[in-house]
Amino acid sequence: MTKLDDAVLLEKEDRAGPWRAALSSQIAGPLAALVLAIVIFSATTDSFLNPGNLSLIAQQSVVVGTLALGQTLVILTAGIDLSNGAIMVLASVVIGNLATDGNVLGALLAGLATCLVLGLLNGVLVSQFSLPPFIVTLGVLSVLTAAARLYTDSQSYPITSEFLTALNEGPAFGGVTITYGVMLWIGLTAILGYALTQTAWGVRVYAVGDNPRAAALTGIKVKRVLLSVYLTAAVVYAFAAWQALGRTPTADPSGYATANLDSITAVVIGGTSLFGGRGGVVGTLIGALIVTVLANGLTQAGIDSLYQQVGTGVLVVIAVAVDHFVRTRQTR
Amino acid sequence: MTQFVLQARGLTKHYGHVVAMDNCDFDLRAGEILAVIGDNGAGKSTLIKALTGAVIPDSGEIMVNGEPVHFRSPLDARKAGIETVYQELGVAPALDITQNLYLGREQRRKGLLGTVFRKLDKSAMRQGSARQMADLGIRVQSIRQKVDTLSGGQRQAVAVARVAAWATSVVIMDEPTAALGVRETNQVLQLIERVRENGLPVVLISHNMPNVWQVADRIHIHRLGRRIAVVEPDSTTMEEAVAVMTGAKQPEALA
Ligand SMILES: Nc1ncnc2c1ncn2[C@@H]1O[C@H](COP(=O)(O)OP(=O)(O)O)[C@@H](O)[C@H]1O
Ligand SMILES: [Mg+2]
């Protein structure tokens, strides 16, 4: 008897599957907020809803948005990465320095290697030594901030290579330029979204963030999953470094000083729980767009940009409150 | 002749000066629910851990279906078909029922999608978990429900369903109802009986004597690191068993 009921129920759900999943999940709230903000700014300003401005919003979101994708992976495991901006900056000055010889591809690969080594460092300290991610990445942040300046002697490198700034170019569709950087951002979101929701690795990332002891008891190699997350995030940060060189064609050791916190903001506004196990990269993409739309829209409306910080702060608190409610809810 | 699925002879385990197991024996028959009762600190959990590879005994022998085994880790025990429900630690609340049932054993799609793109076969896993839940008579609104939307009893039911799904020789439960109310406890007890009906023997560690007398076929009484008696609920009263368990009565006094 139960068999039949369940079978029927299951079939009905499978058809409604992807949509229901998307709408019922954490994405619904951030998406509604984004749409609302766009509608309000479109209605109240003349300049917001124009192709050039929309394209600009996407471009302005790209660096922090990409960093935030890696940050999402770490936060899903109940970790936090305060060092991601600094890793990106070090990678970009390494690229900028090495590219002065003209070997651009080699420079880019060296940037990737820089990110991987630092991701490995964070990952090993967190997984093998069971140190708290907050402290580990705070330490790495501090060391790297100094390292980037020592490495460059506090100079910045102008980027002249077209290949290195190529991500800021792109085709225009009806007046809206979609840069390769924006495409890369969306592509990375799609790939990570697939990995998180459609593969066993993804399920294990969520499980490790949700309940590491239960995950370990089911035979999941928790340390290995954690290490894989920090390494994957590092690869994403390397892409962010390339994006950054396109956005501003100088590799500046003191740039992007708040990118780490901005990426956390995007993740949280995007509906991912700081306690791990809940959320995802599509929400983070929306979260990053919300922050930029707020800044851009308020500027268009002629409102002091300090109010953008107020608005972002309010959204962060709302997101955390919603998460708290979701985690503590009990049916019956 | 009775078949023994899981046995132990002369298990010993010292923690410094503490003797957690002292020449302990254990026998589980095919198709039975065997309860293990004993005072706090008697060594029940240590025995269970030794049987599931979580603790390596100093000496003694463990046999699965009469064959000696040497478990080095919980994974070894699992490979031998022994699955364990741990108290309160069974499930990941942010994951749904299917993800919990298949955690660590996810199924991938056939063909390129599975081998190259590592794509999960979600519909097969959902069907599998719906079938498993139905077989055990566990009713939930949807197999896609996240576990944190379930009641405590339903959560424990999911943990039981998982071990029952993967166990091929023995299901072990350490205090599965300790955190549950009366109604939910009864649901889990029914579930344990279902697991037995489906052909798997169950080892149930419990402090709740009425529960034990309700479902157990035999009762292993543990005291000071060893099995001091095995009784049947029909021929022994709870009072007698508790007296033996606490040392107030000698095991020989039992009929
Ligand atoms: N890892 C350990 N280290 C030291 N002593 C332990 C350890 N595990 C169990 N013990 C001791 O072994 C004895 C038996 O414990 P346990 O098997 O947990 O008993 P029970 O489950 O019957 O309450 C207790 O005295 C306990 O303190
Ligand atoms: Mg115990």
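Along the chain as shown, residues are numbered 1 onward.
From the backbone N, Cα and C atoms, a Cβ is placed for every residue, glycine too.
TrEMBL does not curate its annotations; it predicts them automatically.
According to TrEMBL, the features are:
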TRANSMEM  A:21-44  transmembrane segment
TRANSMEM  A:56-75  transmembrane segment
TRANSMEM  A:82-99  transmembrane segment
TRANSMEM  A:105-126  transmembrane segment
TRANSMEM  A:133-152  transmembrane segment
TRANSMEM  A:172-196  transmembrane segment
TRANSMEM  A:225-245  transmembrane segment
TRANSMEM  A:257-275  transmembrane segment
TRANSMEM  A:282-300  transmembrane segment
TRANSMEM  A:306-326  transmembrane segment
For the transmembrane segment (A:133-152), sequence-distant contacts whose Cβ falls under 8 Å of one of its Cβ atoms, 6 or more beyond its ends: 74, 79-87, 89-90, 93-94, 97, 118, 121-122, 125-126, 251, 253-254, 257, 260
Tertiary contacts of the transmembrane segment (A:82-99), as residues 6+ beyond its ends and Cβ separation under 8 Å: 63, 67, 70-71, 106-108, 110-112, 114-115, 118-119, 122, 134, 137-138, 140-141, 144-145, 147-148, 151-152, 156-159, 161, 164, 233-234, 237-238, 240-242, 244-245, 250-253, 255-260, 262-263
Outside the transmembrane segment (A:306-326), six or more residues from its ends: residues with CB under 8 Å to it: 26, 29-30, 33, 265, 268-271, 273-275, 278, 290-291, 294-295, 298-299
Region pair the transmembrane segment (A:225-245) / the transmembrane segment (A:172-196), three or more CB pairs under 8 Å: yes
Contact call for the transmembrane segment (A:172-196) and the transmembrane segment (A:257-275): at least 3 Cβ pairs under 8 Å, seq gap 6+: no
Residues of the parent chain within Cβ reach of the transmembrane segment (A:56-75), under 8 Å, 6 or more residues beyond its termini: 81, 84-85, 88, 133, 167-168, 178-179, 181-182, 184-185, 188-189, 192, 196, 205, 209, 229-230, 232-237, 239-240, 243-244, 247, 256, 259-260, 262-264, 266-267, 270, 272-274, 276, 279-281, 284-285, 287-289, 291-293, 295-296
